[in-house]
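Taken from TrEMBL, the feature Fe cation binding site applies to 60, 62, 104, 106. Per TrEMBL, the feature domain 'Pirin N-terminal' maps to 26-121. Here TrEMBL flags 174-285 as domain 'Pirin C-terminal'.
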């Protein structure tokens, strides 16, 4: 334990959470995917989103990566051009592999304001044109463990002996962690060659090396972690009156070139141009795009 503590990763950068408009009437706090950190291989974006109907994210395409939607409050209703549809409720997870092409919508559902996280995970070149796929986990399906005043929900990867059933084409660790006041230090192993960051949802806690190297992270802040050690250390702030909740996300870098135009992420300009043309012309994965409309558009037309 003492060795892990000495070798814990340090916080290399702390970024404030600034809210901005996104979609149609929705608001997001962008963590990854902002000017200061455009990407953190293999991650393209992390948004903390919120909104109530009719705001949201109506019909839009994706190609070449995965979207991971984790609902914290309220609910999200989704539908795609393949016929997949449903409602993602508090604590539920949708891990969507867009692969060669998906057109879908994601809209707040019900009377309660929706709040959640959406992570974009890049796919390796060999998987960018795979068939679309979904992994849907209800809240009760996500493994959870508690130890020493720390509770971890394992969205992807493994922690405290619990392992997520999610298959990650790009190796990923995704933990939802709550640290109670007076909890013991929590140390999470992370492969040293993986990139990692923390996004604080509420409260405040101490992250990184102990002593002078520790950094206090607060609600809506992003903490980028260096590769100085094989673990991430977290401890409660002395005298804290409330719990701190955050997500720890880490992944093995792909080390491949990235060419991105909004919702299309490929490895070359030629592939990116092809993605745009395929979507425009309804081919190579986008055959069902022309003329398709989600419930959002259908309800507006009635």
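From the backbone N, Cα and C atoms, a Cβ is placed for every residue, glycine too.
Here the features listed in TrEMBL are painted onto the structure.
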residue: 60; record: Fe cation binding site; contacts (Cβ under 8 Å, 6+ apart): 103, 104, 105, 263
residue: 62; record: Fe cation binding site; contacts (Cβ under 8 Å, 6+ apart): 96, 98, 101, 102, 103, 104, 263, 264
residue: 106; record: Fe cation binding site; contacts (Cβ under 8 Å, 6+ apart): 56, 57, 69, 76, 77, 78
Neighbour count (Cβ, 10 Å) for residue 104 (Fe cation binding site): 23
Within the domain 'Pirin N-terminal' (26-121), residues counted as helix, strand or coil by DSSP: 0 helix, 63 strand, 33 coil
